C-alpha cells in the first residue's frame with residue numbers, strides 16, 4: 001500500500017495545474033511511505049521504483065530534530081519548500097532526505113553543490129520555477145534519485161549527467177529544442193519520459209539519442225514534429241505525439257515499435273496512413289486519431305486482435321465499410337471494442353450497416369452523430 005501512496009503523491013505533484021495538498025495531509029501520506037529504506041539498503045532495493053524493504057534501524061521522523069531549512073516543513077525524510085518565493089535552493093537540507101519539494105518558487109539556477117550529500121534522495125520536484133540552468137555536476141552524488149520533475153521552467157536542454165538510477169523524467173513546458181546523442185547514455189532504469197510543450201523538431205532528436213535505453217512511456221505532444229520519430233526505443237508501450245504537425249504516417253514509421261500498446265496521434269494534420277502501417281504494431285490496444293484530416297477509415301484495424309479503443313472523431317471520413325473494424329475471418333479471436341468514436345465526420349450515419357459493429361461490446365461503445373448540431 002505504501003508504494004501506491006507514494007505514486008499518488010508524486011502524480012499529484014506533476015499534474016497541471018498543481019493544487020498543493022495541505023501540509024497535514026501530505027505528511028500523513030508520506031509517513032506511510034517514507035519508512036521503507038535507509039542507507040543500508042542493498043542495490044536491489046535501490047533499483048526498485050517503489051522500494052518496499054523495511055529499514056534495519058528503527059525509524060524516527062526527523063521533525064523531532066531541529067535541522068530544517070528556514071521556512072520549510074520537514075517530516076518523514078520529506079523537505080517541503082514549495083510556494084515560498086525562493087530564489088535558490090535552501091541550505092541545511094538533512095542528508096537522509098528522500099524527497100525535496102521546491103515547486104512553485106522563483107529559482108533560476110541549480111548549482112553544483114545544491115544537493116551535495118543527499119545520497120538517499122528518491123524524488124526531486126522543481127516544477128514551476130524559472131530555471132534556465134542546471135550545473136552538469138549537480139546530480140553526481142544523488143545516485144538513488146528515481147523521479148525528477150522539471151516541468152514549467154525555461155530550460156533549453158535536458159540536464160547533463162543525469163543519475164543512471166532515474167526512472168522518471170518530466171520536463172514538460174520548457175524550451176528544449178534538442179535531444180543530444182549521449183543525453184540518456186547508460187540510463188537503463190529510465191522508463192517514463194514526459195517532454196511535451198517543448199519546441200522540439202524531428203531533426204532535434206540526434207541519431208542514437210535513445211540507444212540502449214529501455215523506455216516504456218514517451219510523450220512529446222505540443223511540439224513541432226512533422227513525422228513520427230524513427231529512433232525512439234523499441235521497448236515503447238505508450239507513444240503520445242498529439243498536437244504536432246504530422247501530416248502522413250508511412251509504413252516504416254511504426255516498424256520499430258512492435259510492443260506498442262497505446263498510440264496517440266490526435267490533433268495533428270494527418271491526411272493519409274499507408275496501408276499495412278498498423279500491422280507493425282500488432283499488440284496495440286488504443287489508437288487516437290481524432291481531430292485530423294483523414295478521409296477514410298485506416299486499413300488494417302480489423303486485423304488488430306487486441307485493439308479495443310479507436311478515436312476517429314472530427315475527421316473528414318465520408319464512408320464506413322462493413323469490414324473496416326471487425327475481422328472477416330470467422331475463427332479469428334479479437335478483443336471486443338469498448339470505444340469507437342466517429343462523431344463529427346461528414347458521413348451518412350443511417351447508411352452504416354449494423355454488422356459493421358458486430359465486434360463491439362455494446363451499442364453505447366459506438367459514438368456517432370454530430371455533436372452540437
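Each Cβ is built from the backbone N, Cα and C atoms, and glycine gets one as well.
If you look up Swiss-Prot, you'll see 68-74, 72-81, 326-359 marked as disulfide bond. Residues annotated as O-linked glycosylation site in Swiss-Prot: 48. Summarising the annotation, Swiss-Prot assigns N-linked glycosylation site to 275 and lists sequence analysis as the type of evidence. According to Swiss-Prot, the region 'Interaction with TGFB1' annotation covers 159-205. Per Swiss-Prot, repeat 'LRR 1' is recorded for 96-117. The repeat 'LRR 2' annotation in Swiss-Prot covers 120-141. The feature repeat 'LRR 3' is assigned by Swiss-Prot to 144-166. Here Swiss-Prot flags 167-186 as repeat 'LRR 4'. The repeat 'LRR 5' annotation in Swiss-Prot covers 189-212. Annotation comment: Swiss-Prot describes 235-255 as repeat 'LRR 6'. Summarising the annotation, Swiss-Prot assigns repeat 'LRR 7' to 259-280. The repeat 'LRR 8' annotation in Swiss-Prot covers 283-305. The repeat 'LRR 9' annotation in Swiss-Prot covers 306-327. Marked as repeat 'LRR 10' by Swiss-Prot: 328-349. What Swiss-Prot lists as repeat 'LRR 11' is 350-373. Taken from Swiss-Prot, the feature signal peptide covers 1-15.
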Inter-residue C-alpha distance, residue 81 (disulfide bond) and residue 359 (disulfide bond) (nearest angstrom): 53
Intrachain neighbours beyond the repeat 'LRR 2' (120-141), with Cβ under 8 angstroms and 6 or more residues off its ends: 10, 13-14, 18, 37-39, 51, 77, 82, 95-112, 114, 147-156, 159-163, 170
Helix, strand and coil counts within the repeat 'LRR 11' (350-373) (DSSP): 9 helix, 3 strand, 12 coil
Residues from the same chain, set at least six apart from the ends of the repeat 'LRR 8' (283-305), whose C-beta lies under 8 A from its own: 242, 258-273, 275-277, 311-321, 323-328, 332-335, 341
Whole-number Å value for how far residue 326 (disulfide bond) lies from residue 74 (disulfide bond) (Cα to Cα): 57
Between residue 68 (disulfide bond) and the residue listed as 'N-linked glycosylation site', the C-alpha gap once rounded to whole angstrom: 61
List of residues, in chain order, with Cβ under 8 A from that of residue 72 (disulfide bond) and at least 6 apart: 79, 80, 81, 84, 90
Cβ neighbours of the residue listed as 'N-linked glycosylation site' where a neighbour is any other Cβ within 10 Å: 11
Within the predicted model, mean pLDDT of the repeat 'LRR 5' (189-212): 96
Sequence-remote partners of the repeat 'LRR 3' (144-166) [C-beta within less than 8 Å, at least six residues beyond its ends]: 10, 13-14, 16, 46-47, 49, 103, 119-134, 136-138, 172-180, 183-184, 186-190, 194-195
Secondary structure at residue 81 (disulfide bond), reduced by DSSP to three states: coil
Residue 275 (N-linked glycosylation site) and residue 359 (disulfide bond), Cα-Cα, nearest whole angstrom: 22
Rounded distance in angstrom between the Cα atoms of residue 275 (N-linked glycosylation site) and residue 326 (disulfide bond): 17
DSSP three-state assignment for residue 74 (disulfide bond): strand
Set of same-chain residues at least 6 away whose C-beta sits under 8 angstroms from residue 326 (disulfide bond): 302, 334, 355, 356, 357, 358, 359
